[in-house]
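Asker: A single structure is presented below for examination.
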Amino acid sequence: MQKQKQELHRGLEERHISLMSLGAAIGVGLFLGSASAIQLAGPGILVAYAASGLVMFFIMRALGEMAIQKPVAGSFSRYARDYLGPLAGYLTGWNYWFLWVVTCMAEITAVGIYMGFWFPDVPNWIWALSALVIMTGVNFLAVKAYGELEFWFALIKIVAILSMIAVGLLMIIAGVGNGGIATGISNLWNNGGFFPHGLKGVLLSLQMVMFAYLGIEMIGVTAGEVKNPQKSLAKAIDTVFWRILIFYVGALFVIMSIYPWQEIGSQGSPFVLTFQKVGIPSAAGIINFVVLTAALSSCNSGIFSTGRMLFNLAEQKEAPQAYGQLTKGGIPGKAVLASAGALLVGVLLNYVVPAKVFTWVTSIATFGAIWTWAIILLSQIKYRKSLKPEEKKQLKYKMPLFPFTSYVSLAFLAFVVILMAYSPDTRVAVIIGPIWFLILLAVYYGKGFHKKNAAAASERNIS
């Protein structure tokens, strides 16, 4: 048995982590999930994205404050352990693993929907299984090669979004693709007003809007594999937030200006529908390919995250020790395979309930994400309070307007959970989420993890 501590390789650069986080966040939440969110809120969805984006900015700043001072793999699980206690770290680590498994189920479900554009007679589950096998293989590449591939995956999405925004603006302003007749932006208020379903519609859309931001915290997961984390993480956090906000709000502004919001259905991506409206039907296939790569990319990031989180849990002796083993290339191979194995449930759901699986899994993933984001905020509050006055002055990357922004962000997250319980479509998440935590608690106390942690704490105090 090898006794020396195995470590993940620091092979990721700033451009990799910026684009990986961007790639993880810009997945089916924007390309497919935005359709159902638009139906709930109409053009008022722009307000929901902007407000949620501001809260996500504060959450990312809270994570950055800790990650820049203490960059480790599986960062927020480790911070929860250090500042909120071993149980919080255990729950957060396993919860993050679970939420990305569920998120990847949404992504591979989307792969099936997008492939149906070309192959309508092939069942969704076949494409879901194919995507899972391919993305698992990609995760066995050396971390630098993986980062490079994900960089280009994300770049394809970004170019597509910017192209769509540019073409859409030309149609809005100059009527390009619409017989020279400028569409203007009157569609934003001509079809029942800017808030056609009132404030209630905007509030009910928040679950899908928050799901669209899931993945932005990936920067924290990469902290243990980043070169020069102090410099890279700060820049990546700031740039990723603004890019995502511009892409989301900008893209949806163009979509709803060109296309009456009530005509944007859930039969396919709003991006494909938008290009068809512009008068370039041949572009629909290209855009469908782009959104297909978006789903694959986000699933790719998810398998990356789950593997690293299992590795971290194994290091803490709260997951099977085999998951703490690395391949020669520095990849937590067994942890990656275990995560991919769990994703087979998503393939099964695509076979059994293909019509309902997307809404179910996005709701459950959002619930898990809200726990993670809340833990980041609570850890940062405890972390800041634990610092001596001189240490607070030395912080290189501070949470702005602390503690006000931390508590307001926590209240916002709690409000979204209440809304999820209110809506019949998303209520399943508020039922399954607590059941999952009860299972984790049963394992924690049943396996005696609480005694091991107490013994370890007492040893540290003695030494």
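Glycine residues also receive a Cβ, built from the backbone N, Cα and C atoms like all the rest.
Pulled from Swiss-Prot, these are the listed features:
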- 17-37: transmembrane segment (TRANSMEM)
- 40-60: transmembrane segment (TRANSMEM)
- 97-117: transmembrane segment (TRANSMEM)
- 122-142: transmembrane segment (TRANSMEM)
- 153-173: transmembrane segment (TRANSMEM)
- 201-221: transmembrane segment (TRANSMEM)
- 244-264: transmembrane segment (TRANSMEM)
- 278-298: transmembrane segment (TRANSMEM)
- 335-355: transmembrane segment (TRANSMEM)
- 357-377: transmembrane segment (TRANSMEM)
- 401-421: transmembrane segment (TRANSMEM)
- 429-449: transmembrane segment (TRANSMEM)
Asker: Mark yes when the transmembrane segment (244-264) and the transmembrane segment (357-377) have three or more Cβ pairs under 8 Å (sequence separation 6 or more) and no when they do not.
Answerer: no
Asker: Excluding the flanking five residues on each side, which residues at least 6 beyond the ends of the transmembrane segment (429-449) place their CB within less than 8 Å of a CB in that stretch?
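Answerer: Distant Cβ neighbours of the transmembrane segment (429-449) are 86-87, 90-91, 94-95, 98, 207, 317-318, 360, 363-364, 366-368, 371, 417, 420-421.
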Asker: Of the listed stretches 40-60, 97-117, 122-142, 335-355, which one has the most C-beta pairs under 8 A with the transmembrane segment (401-421)?
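Answerer: Stretch with the highest Cβ contact count: 40-60.
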Asker: Short question: which residues 6 or more past the ends of the transmembrane segment (40-60) have a Cβ under 8 Å from it?
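Answerer: Residues 34, 187-189, 191-197, 201-202, 204-206, 208-210, 212-213, 216-217, 219, 237, 240-241, 244-245, 248-249, 252-253, 256, 261-262, 373, 376-377, 399-400, 405-406, 408-409, 412-413.
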Asker: Cβ pairs under 8 Å with the transmembrane segment (97-117): which stretch of 201-221, 244-264, 278-298 has the most?
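Answerer: Highest pair count goes to 278-298.
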